[in-house]
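**Q** Can you read through this structure? Questions will come right after.
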Amino acid sequence: MQWYYVAALLTLLTSSQGILTTLSQTNGRYKYDYATVPFLAEIFKLLVSGFFLWREIKSQSSPRMTTEWKAVRLFVVPSIIYLVHNNVQFATLTYVDPSTYQIMGNLKIVTTGILFRLFLKRKLSNLQWLAIILLAVGTTTSQVKGCGEASCDSLFSAPIQGYVLGILSACLSALAGVYTEYLMKKNNDSLYWQNVQLYAFGAMFNCARLHWDDYSGGYEKGPWWQRLLNGYTFTTWMVVLNLGSTGLLVSWLMKFADNIVKVYSTSMAMLLTTVLSVYLFNSQPTVQLFLGIIICMISLHMYFAPVRMLVDLPATSKSVSSTLKEVTVENHE
């Protein structure tokens, strides 16, 4: 399967995440425990990956699986990074408003490119670096509201702790993605075996988080497993399946493409969500949105288009010499 088909599907699924989550609310509130959604999504990914791994094992060609603990334990690290990242997110929101946080979140586009270069030793051309910066500028432009609104005044008025935590959040998000790509490509193990390890630890850490939420809340609502599916509707299950399917597509891209493709997919999904919200939730389109879309489209073209489509290359010496040879032959005759 070509990576751009997977990337396009990831864009569609990611763009529908926010919409489905909004539709799962009742009178603007969640009637279910939203913390259970990531846990069930991890279970879904684990079951799907386990099924396909079982099929591979039953087939004639036995899949490659590294089972030494020193290799398996590395898959704990992404779960720890995401756990720290989630806590940093909450801490950041105590200092900045949601609009500022959303704009600062675009820093992960640039930090992903930097860590992509430093840790994975993947060289990017100057045009590609410029494209990544343009992508961050485009997504930020689409999110900036009119300066006549109150949120614009608070954009640069947050305490310094908020900006430090925002930068840390962007770095952690990029680090988790880059490290996961490193794990997926460090050997030729089966993708499904790698997924089983990744999602097994993910499910355990999400389960631990649910226990901690109950403990910190004094078990006022009872243990989480007794109310696991309380308030779940068809739309809620769609949110779970969407989140789980998105994770499976991301792992495929990490194995067979790279983090930059994932960053572009999720950034385009954010723009698509904003456009769809105009029609579904009667949001007002802004000039900034259209400018952001144009900038992101230019960035997409700059990063993935062949160089010959972006610059006028001079004629090679080989083609020049062959032309001279043909002229000489013609004159000789």
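Just so it is clear, glycine is given a Cβ too, placed from its N, Cα and C backbone atoms.
Quick paste from TrEMBL:
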SIGNAL    1-18  signal peptide
TRANSMEM  34-54  transmembrane segment
TRANSMEM  74-95  transmembrane segment
TRANSMEM  101-120  transmembrane segment
TRANSMEM  127-144  transmembrane segment
TRANSMEM  156-179  transmembrane segment
TRANSMEM  232-254  transmembrane segment
TRANSMEM  261-281  transmembrane segment
TRANSMEM  287-305  transmembrane segment
**Q** Can you find at least 3 Cβ pairs under 8 Å between the transmembrane segment (261-281) and the transmembrane segment (101-120), where each pair is 6 or more residues apart in sequence?
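**A** The transmembrane segment (101-120) and the transmembrane segment (261-281): touching, yes.
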**Q** Could you name the stretch, out of 34-54, 74-95, 127-144, 156-179, 232-254, with the greatest number of CB pairs under 8 A to the transmembrane segment (101-120)?
**A** 156-179
**Q** Mind pulling out the one from 34-54, 74-95, 156-179, 287-305 with the most Cβ pairs under 8 angstroms to the transmembrane segment (232-254)?
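**A** Looking at each of 34-54, 74-95, 156-179, 287-305 in turn, the most contacts to the transmembrane segment (232-254) are made by 34-54.
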**Q** Do any residues, 6 or more residues outside the transmembrane segment (34-54), come within under 8 Å Cβ-to-Cβ of it, and if so which ones?
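**A** Answer is 63, 190, 192-193, 195-196, 199-200, 202-203, 206-207, 209-210, 213, 224, 228-229, 236, 239-241, 243-244, 247-248.
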**Q** For the transmembrane segment (287-305), give me same-chain residues lying six or more residues beyond its boundaries with a C-beta closer than 8 angstroms to one of its C-beta atoms, as numbers and ranges.
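**A** The answer is 127-128, 130-132, 134-135, 137-146, 260, 264, 267-268, 271, 274-275.
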**Q** Below 8 angstroms Cβ to Cβ, which residues of this chain, lying six or more residues outside the transmembrane segment (74-95), approach it?
**A** 101, 104, 158-159, 161-162, 165-166, 168-169, 172-173, 175-176, 179-180, 183, 194, 197-198, 200-202, 204-205, 209
